[in-house]
Every structure is written in structure tokens, then in C-alpha cells.
Amino acid sequence: MNEALLILSKVFPIVLLIILGNTLQRFSFFRNNTIDELKKFVINIALPALLFLAFTETKFEAKYSLIFIAVFATVYGTTEMFKIALVDIGNGFFFFLILLSYLEKLNGKPMNLKTVVLSFIKSPIILALLAGLSVGSIGAIGVLEANPLTSSLLEMLRLISALVVPVICIVIGYELKIDLKNITEPIKIVLLRMSISLSLAFLINTFVLGMFLQLDNIFKIALYTMFLLPPSFILPIFIESESGKEKQLVLNVLSIHIILSIIVFIAMILFV
């Protein structure tokens, strides 16, 4: 019971931040382009800062890779972030190499293999990951902490990375816009997606992570978390403004998916 209350006490602030974001939306506190800029700030600056710090303090093994999830990091701490990395390397490659390229092509922008690969390599998240792994693998974090200049830079990164969770949650809350008149299709999409995803996660957890690799329970929760998450919250940025109907469908799916994901995630960490 005490453990359940402890977990809920960590998740509840995230729920409150999402509610705050939704409340701000009702008063039109931000312009729409401001929300898009906040997303870019998280993706290009704050999240890379957090990933760099997380991986500099983690002993890297070949089986670990990249991901950050606000709720997972809040509940289990950034020291456990490297565990959820295992389950998301394919998702990361798909998002940066395929999905974003496809969306750019839909928007009429010419894309080729060279452009896609260069875009992936130059991604701040990828650069932060590689830098963090390099520093962590040679154990240079102690040297950086000992130098006044580099120590100041690390502290700056810590201050920036602290913004990731609140900004993401407020932005998500701000974009929770459920169109009740056209809610049937988004609900069907979300339920179908979650059913397939969680079924696959159960099979992988049981036969791969459990029987074959014999990894601990947090790895299994990490896999469930990755499969449970809604599509990326930055997707609406890449949908042209004139595509009103399509963008509203995406926002509806994201909004419903976020709400259901939080409910299922809380149940999962309480009972799994």
C-alpha cells in the first residue's frame, strides 16, 4: 500500500502539470506557434541535455541505447533511463529515418537518402547520445566535474534538463483538444493500437526479456511503457496548417491516447 502511494505521489504531479497545460489552453495563454517552438526547444535542447547527462553517468554496454520518457523517468529516476533504452532503438531509427522523412515528403519537400542520413546524424538527440556514451565509456565525467569551466557547463545542462518533464507535460495538456462530435474514429484507432501494442509487448516480455535474456522487472516495464506510449507529440508540427481535418484527427488520437496511456501506466506500475 505504501509503495502504491509512493508511485502515485510521483505520477500525480505529472497529471497536475497536464491539467495546468489544459487550463492554460482554455484561456489561450500561448499562441499556437509558441507551443510548436516549445516542442522544438525540448527536442533540440532540453532533451539532448538530459540524455547527455544520463549517459555520462551510466556504464554503457552494447545492449543499451536511447529513449527518454517523462513519466518513466519521474517514477524510476534518470538512473534507470538506460534500461528503457534497450527497447527503443528501433523506434528511434524509425522515427528519425523513416517517419519524419515521409512527413516531409508529404509536405512537398524533396527527400533523398543522403538528406535523410545527414538529418539523422545531425540530430541533437543523436549527437547528445553519442557524446554522453563517449564521456561515460571512458569515465571522463569525474575530470569534467573537477574542472571549474566544464563543471559550470554540466550544471547549466542540469538546469536545462530539469525543464524537460514540466514543459512536455504542459505542452501535452495544452494540446488536449478532444472533438466530442468526431470522437468515435479516434477511440477506435487508439484502442486498436493499444491492444496490438500491449499484446506484442507481453509476448516479447515473456519469451525474450524473461525466458531468454532474463532481465529484471524494470526492463519489462520499460518495454510496456514504450509500446504503451502515444505517437510523438511533435507530429502535429509536420502537418501543414491547411490540412485542418487531418490535423484535428491526429490531435484527437494523441489526446485520447495520452489519457488512456496514463491510466494504463499507473495500473501497470502498481500491479506488474
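Any Cβ shown, glycine's included, is placed from N, Cα and C.
What TrEMBL says about a protein is an automatic prediction, not a curated fact.
Note that the structure is a prediction, hence the values are computed from the model and not measured.
The transmembrane segment annotation in TrEMBL covers 7-26 (among others).
Here TrEMBL flags 38-55 (among others) as transmembrane segment.
Sequence annotations record features per position, and here TrEMBL assigns transmembrane segment to 84-103 (among others).
According to TrEMBL, the transmembrane segment annotation covers 124-144 (among others).
Residues or ranges marked as transmembrane segment in TrEMBL: 156-176 (among others).
Summarising the annotation, TrEMBL assigns transmembrane segment to 196-215 (among others). Residues 86, 223-224, 226-228, 264 of the same chain lie 6+ residues outside the transmembrane segment (196-215) yet bring a C-beta within less than 8 angstroms of a C-beta in it.
Residues or ranges marked as transmembrane segment in TrEMBL: 221-239 (among others).
Residues annotated as transmembrane segment in TrEMBL: 251-271 (among others).
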Remote residues contacting the transmembrane segment (156-176) - C-beta distance under 8 A, at least 6 residues beyond either end:
14, 17-25, 29-30, 35, 38-39, 41-42, 45-47, 49-50, 52-53, 68, 70, 73-74, 233, 236, 251, 254-255, 258-259
With Cβ-Cβ distances below 8 Å as the criterion, list the same-chain residues six or more beyond the ends of the transmembrane segment (7-26) that contact it, or say none.
70-71, 74-75, 165-166, 169-177, 258, 262, 265-266, 269-270
